[in-house]
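Student: Here it is, the structure, as structure tokens.
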Amino acid sequence: MALWCEFLTLWIGLSDALSFEQLTPLLAAPEALLGGGVLLGDTAEPSLLSRIGSQFYIWGSVAAGLGLVIFVHELGHFLAAKLFGVKVEKFYVGFDVPLSIGPIKFPRTLGKFRYGETEYGIGIIPLGGYVKMLGQDDDPRNMEKENQRIRSGNPDEDEDDEPAAASRAELDPRSYPAKSVGQRMVIISAGVVMNVITGMLFAALAYGALGVEYTPAVIGATSPGDPAYLADIEPGGRVLAVDGGEPDPQMHFSRMTLKILTHGIADPDSPVQLKLEYPDGVREVAVQAEIDPWNPQRRIIGISSPMLAKLGDDPRALEDTPAAAAFSAEDAGADIIAVDGEQLEVNPVLGVTLNDRVANRMVTHADKPITLTLRRQDEAKTVTKVTIEPRKMKTLGFALGVGPVNALVQDGPAAKAGVQVGDRISAIEGIDTLSAMQLPSQIRDLEGAVKLTLQRDGTDEPLEVEIEPTSDDSPLPPYSVVTGKIAVKTLGLAYLPEAVLSDTSIDALKPGDTLSSVTVQWPGDKRPESLDENMLKPFVEKLEEGWDASEQRMLVSLIRLAQQLPDGTKLRVIAERGPKKEIIDTSVTVTEGDTFYPERGILYAPLRKTHQADSVGEALALGFREGKWKMQEVFQFLRLLVSGKVSRNQVGGPLKIADMAASQAEQGWAPLLLFLTMLSMNLAILNFLPIPALDGGHMLFLIAEAVMGRPVDEQLQMKLTMGGVLALLSLMLFVFANDIMTWR
């Protein structure tokens, strides 16, 4: 049977979730979108020969893996056909069709040989595979000729010869149509069965022989102002279940993410139910996901993966930061055992020490030196102390205004005091010049109850509320790089910055001016190399084109990007003034201000564990579970696809499959095997959809034959099969075009 579905249909999966380890919409780590990859270029560059060899190895692994999935599918058809005595004329991985460009003709195969009555080969077009049985052809144009062959009494005679007494001829006993309906059903379904079995075996091999390295489903931090933050979810909790289901203490962060993303697409108006394990017990929390501003078809809750109280091996700090100045090469991979003399405790649920207390100290004491006690990874396990100096915040010469409150922590101090979404903070303790970026630290430094002056729609007089603040235990700076919100943890509220200036030291600008655009002006029109090839590049390009200040969610990113610009960088600023919208066009210079920036550049090691089976039985059980999960994900995705809840960006074809496979191959054999499990289950289900020309279409015809007691009319089969082929070819063109348009 021809495996049309191998690459011509869909890569079923939430593609962003599957690539979660690289960048997830739920991720909100301090360096996630601005500066997280600055030092990647500082590691030792492999030689050109080494890079070429590595790429050959990766793509060779990918080709072998994908080819294996195709091979086992066709092997299922082949073995079942042989079991029932059907003559198999061809067994191919890839399609051996004529291919030419103008006068240039390409070979139909990369290699072939004949063994017995069957020709085995690798076709020139790597888009699937097929088993050609006597009396069976998926090309509707050849069906009539094939039917004549098996009735002629001699399947090997020339097809152009007039068959003698065709009407009286018996079906060739070794032809596919000569077999009973039950036998043909077994032959048709054997490819799918093989995919399911080998898919589970791929996973069993990964868990049993290799071990699967993964990030545990642990709350590393909650992104300020985002849903998990507003639900008051604490860092350090282990996620046991999402939306019910059996608790899984070894849940992978990527699986948790996929379940949350899928829930957000399937039922965006209902909260996600999380079961979390903390040292004091299990908690159940409902979190209402919100629209991802970067992708409106997604929902996010704003959590990041866990990080250890341990420095990264290489790099261990962002360049040109206080951390980079403080750490030496000997500190690479060192464990952080104390901060400012306070010993760090092991999380009793996880058995490791997370970075939350260290990161929180950096945020809450941004203006003070922080001393870390390190245990190095040398043979002596040397204990040393390193002091990281505060980091002055770079300024553009103006402060952004504070927008209306747009989120409140459930039962938080502000909510209890009567603050409402939409209220505008006009003053704190009588001070009415407020900076959106500095407000959280300004409030944190106050002692006792905090008096806020609010402006509320529909009320002429200002309102005054007094709020008893709580402690700030967040390990993240007070702004979300995903949604652009700024949160005041001690009060339990969040807001967006405004493009209206609340203060400025630039002569040409005045408080109340509305920022319109900001454009960088490089000395000599040359971008600094440090900003050229890392995660900052898209933001730098946006600044070069002219940063649109009307996008509120991007204002935080603008200020964060300024921290990466060299001192003295010139920026062209265009603002509007007053009701007549007078245009102000001026230049500002990036300089070091007198406030402090909470990100000092430490790069922590991620929490990673290895899930390895202790026995063959456990490995098989894990393989079965993994295969079952992947099948459930495919069925769920198909439901979303049919209901129109999935966008084309979440569907992929050959290019995305190859890209994802290469990404997994780079990480090692275990991730590649799990990817092949996913692909096997995808292909098993998709290839059994009731579409003529697919195995599922053939099965549909056989079911009809079993019910009616006679085969479906040949002309009807031919027409339906032709329709199925055209539909699949159209799908092929769509997924190819979609892959190209959405290529990253």
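Keep in mind that glycine also has a Cβ here, set from the backbone N, Cα and C atoms.
All annotation found in TrEMBL is predicted automatically rather than curated by experts.
Pulled these features from TrEMBL for this protein:
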type	residues	note
COMPBIAS	138-149	compositional bias 'Basic and acidic residues'
DOMAIN	385-458	domain 'PDZ'
REGION	136-175	region 'Disordered'
TRANSMEM	56-80	transmembrane segment
TRANSMEM	185-210	transmembrane segment
TRANSMEM	669-689	transmembrane segment
TRANSMEM	720-737	transmembrane segment
Student: Please figure out which one of 56-80, 185-210, 720-737 racks up the most CB pairs under 8 Å against the transmembrane segment (669-689).
Tutor: 185-210
Student: What average pLDDT does the predicted model assign to the domain 'PDZ' (385-458)?
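Tutor: Averaged over the domain 'PDZ' (385-458), the predicted model reaches a pLDDT of 94.
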Student: Over the span of the domain 'PDZ' (385-458), count residues by DSSP class, listing helix, strand and coil in order.
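Tutor: Summed over the domain 'PDZ' (385-458), the classes give 10 helix, 32 strand, 32 coil.
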